[in-house]
Amino acid sequence: MQLRSSQYGSDEHQDNNTAQSNIVMVSQTPQLPPPNSISNGSTTTPPQTPSHYVEPLSETVKNYFVAYPLFLLIIWGAFYVFWDEAALPGGAVYTIIVLEVCAYVLGEIVAKSDLPPQLGMLMAGLILGNIPYSFISEDLYQLVILQLRWLAIVVSVTKGALGIFPGIIWKFRKVIPPLAIAPYFAEAIIWYLGSYYVAGHSSSASFFIAGLYSTMSGILLFPYVDNLEKEIHPKSSDLSSETKQLSPHALEILFVAKKTMGLDAVLGILFAKSALGFMFADDFQSGLIKGPGEVVFGAGLGILWGGLSGLLLTGHKHVVLRVITVILGGTVTFIGMRKLGYPRGTHVGVLIGAFTAISIWRSNKKKVVGLEKIIDTNDKIWALLEPFLFAIIGARINVMAINWSMFGLGFCVWAACTLVRLVTVFWSTQWSGWTLRERLFIVTAWSGKGTLQAAIGPVPIETALLNHLNSDVVESMRRVMELAVLILIFSHIFGYVGVKLWGKKLLSKEDENSAVVV
């Protein structure tokens, strides 16, 4: 069975009602909307614009060497007027601006090279963190930078929570749960064995690595899958010869991928944060309290504030108030739990809270107002904070202090884990009824990582430094963070290149009579 293409809308009502909609038998490629009609009944072709606009060199030079620097100079002047010495080199405001601007600019440059922009953001942090001048002192990091990193984490976790659709998961229950669970645990086993026996990490640190680094990143690959869907499914033009050659299930697969990418991040947060409790506990009993105990407490707190927000603001017409409630609720939960001494439950509290609130708003079908705007607003905030999040983890890496032999061992373990993930993802789609090429596309799309690793990877060393632990523990935690950077680089490139280069080929028509089982 295959869903008609009209089901794949972006409206929240459509997303929520997908699980209850009827499944229609169709054997041909999904039909696209007809061309636009005018009042006299004839049709007209929309104006054609070049698919790839190349900015003239003179405009590029003028923008990057005159307009943009002038704009930044004006912004810096305004900050200096208000914050005085904090806007000068070495000050908190100056450091934040330089990190954000450099990460954004390098991200744009790398994106123009047809590579993931997050690599440029990470590169900006690596450069700024390793120049002879001490760009970010430890005191500045603990007092200012860390707080902004927490805010970026809250927004990223909230973005993941807003993208979980229980109705769609239930509808595709023969595909989505196996895709989220089987590859995660299969890869986690290899990560644990490799970290413990090959890299020499402790049992609790290996548990943390396995829990965190087995998680894929839907946030990073989503834009590329979304662009691929728009490219092969134009909504206001005639069917191109390329579109006619699509697999009969292409739009369905892209729809499933967009709505469920990163679902295993829930598992990653639960297991990684539970492992943190054991990493810094004196005995097993205190580890249970600091790890799983705090995670359960965070989940309960999330249900509480998310439930209250959902019930009190159901049907509220002011979308901005809902956005503020979700983001501030997550921020207060995140920072509040740390202040209370329960840092391991922070991410879970944010995730469960945002998911609970948005689920209540979605369930009230008669009063659903602006849910798409909530997601869009959160995306815009994430676009502002994403460069900072990736730059700061790069800035925390001391290139001269990297243990390259351990880095090489980590790469070998990553390669083995990636292979296991690819095989398990392919196996998990055997009940889908999709063709071989379609299953290989899912294998490719389910391999990218980065966001959760950038968000939680530095937590062990932050905890070690904050508690003034001995140098051996700090060094061990530093290696864990370096491994997060390695995964961010190689896994993201692997997933990006796969979707970018082979996505359309893998979703090309192979057998018009094949069926999808749902």
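Keep in mind that glycine also has a Cβ here, set from the backbone N, Cα and C atoms.
Copied from TrEMBL, the annotated features are:
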- 37-46: compositional bias 'Polar residues' (COMPBIAS)
- 109-479: domain 'Cation/H+ exchanger transmembrane' (DOMAIN)
- 34-53: region 'Disordered' (REGION)
- 65-83: transmembrane segment (TRANSMEM)
- 89-107: transmembrane segment (TRANSMEM)
- 119-136: transmembrane segment (TRANSMEM)
- 148-169: transmembrane segment (TRANSMEM)
- 181-199: transmembrane segment (TRANSMEM)
- 205-225: transmembrane segment (TRANSMEM)
- 261-281: transmembrane segment (TRANSMEM)
- 293-312: transmembrane segment (TRANSMEM)
- 319-336: transmembrane segment (TRANSMEM)
- 342-361: transmembrane segment (TRANSMEM)
- 381-401: transmembrane segment (TRANSMEM)
- 481-499: transmembrane segment (TRANSMEM)
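Contact between the transmembrane segment (481-499) and the transmembrane segment (89-107) is not supported: fewer than 3 Cβ pairs lie under 8 Å, counting only residues 6 or more apart in sequence. Outside the transmembrane segment (65-83), and at least 6 residues removed from its termini, the chain residues within Cβ reach (under 8 Å) are 91, 93-94, 97, 101. Non-local neighbours of the transmembrane segment (89-107) in the same chain are 72, 75-76, 79, 83, 117-121, 123-125, 127-128, 135-136, 140, 143-145, 148, 387-388, 390-392, 395; each lies 6+ residues outside the stretch with a CB under 8 Å from one of its CB atoms.
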